[in-house]
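Here is what TrEMBL records for this protein:
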- 23-401: domain 'Amino acid transporter transmembrane' (DOMAIN)
- 26-45: transmembrane segment (TRANSMEM)
- 52-73: transmembrane segment (TRANSMEM)
- 145-164: transmembrane segment (TRANSMEM)
- 170-191: transmembrane segment (TRANSMEM)
- 258-279: transmembrane segment (TRANSMEM)
- 299-321: transmembrane segment (TRANSMEM)
- 342-362: transmembrane segment (TRANSMEM)
- 368-389: transmembrane segment (TRANSMEM)
Amino acid sequence: QIDWRTVEERKIDDWLPVTASRNGKWWYSAFHNVTAMVGAGLLTLPYAMSELGWGPGVAVMTLSWIMTLYTLWQMVEMHEMVPGKRFDRYHELGQYAFGETLGLWIVVPQQLVVEISLDIVYMITGGKSLKKFHDLVCDGRCKDIKLSYFIMIFASAQFVISQLPNFDSIATISLAAALMSICYSTIAWGASVDKGKADGVDYSLRASTTSGMVFDFLGGLGQMAFSFSGHNVVLEIQASIPSTADTPSKKPMWKGVIVAYTIVLLCYFPVAFVGYWAFGNSVDDNILITLNTPKWLIAAANMMVVVHVIGSYQVYAMPVFDMMEMVLVRKMRFSPGWKLRLVSRSLFVAFTMFVGITFPFFGGLIGFFGGLAFAPTTYFLPCIIWLTVYKPRVFSLSWCTNWVRSTE
């Protein structure tokens, strides 16, 4: 395989976060994907169930898990579908399928909406979980502190961690985040089982009017779409794994994805179904708020959420850092180095912190963002790219499957 890049291009690629290191292992894929997938959306699943009801809720959860596993497999397969070339970024795959300019405009705006909005949500979630931990531990004995200050505390950690250069360098943080997600999801459904079904639990839909039911139904769909949003970073994660003719990167990547999706299954379904079973339509939009006792356990779970969203923030920020630094170095001709990285990444963290402090209700817009960008980049776009690139025979199983998936 001949490398046609110039010395300058190779130097830039060796510096950019996505292509700087290709030493990842299959287990890196596993916990990066768990960290990306299992996030703030997990704790909203019982609430989404209360908006959809038992039948539609179970159906949407099950179909979402199956369909997103399928589209994730497609993206893993397409990473190296052209011999001698790797599509290290989502937009590179889009450009190959739709053309240089159109592909960029189709993918990049949606990908940025997903990743930036998620980082804002994680900034708010981290601050809220820190505040909840503080309030539970103090139990009314401490002075009340505004949410804004807790968001700043969470952001201070991100200012430091954001200087880590690439995916491999955040592997330990991502592993800790993945373990925490398993722990707090187990606490969420385990504590629900321990409490048992609430007195007078009601499984009817939250809304009583037709318009309210429609709005809630769409909101529930958006929240579930938000919960399966890891596709936006999957190619960037796979780019960190080495590839040879004998062992292409898709083999260790897919192995890690299977492990990750098994963990997602074991985290999502018990939390969603047990939480809804226990509290019905009285469940809060964060199951840990509904579970207010035992205090020490819920306090521990909130701190686990903090650790997890620290890692999740970084996993979703890394492709944004890559885009920013690529534009700054290749288009605006800045010299690559730590000073550029310090300024650009700090500005991004400051921006997400500012939006989080200014709009603490931003998480309530997850249903909107779920429908606007999470669903297309996760459910539809991989199928459309697959049809465009592979051109399966009309009415074949592949053609029918992908057409149905891209038009539903």
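Note: Cβ is positioned from N, Cα and C throughout, glycine not excepted.
In terms of C-beta pairs under 8 Å, the stretch of 26-45, 170-191, 258-279, 299-321, 342-362 lying closest in packing to the transmembrane segment (145-164) is 342-362. The largest share of C-beta pairs under 8 angstroms with the transmembrane segment (52-73) comes from 258-279, of the ranges 26-45, 258-279, 299-321, 342-362.
Per-stretch counts of Cβ pairs under 8 Å to the transmembrane segment (299-321) identify 170-191 as the leading one among 170-191, 258-279, 342-362.
The transmembrane segment (258-279) and the transmembrane segment (342-362) are not in contact, since fewer than 3 Cβ pairs between them lie under 8 Å (pairs 6 or more apart in sequence).
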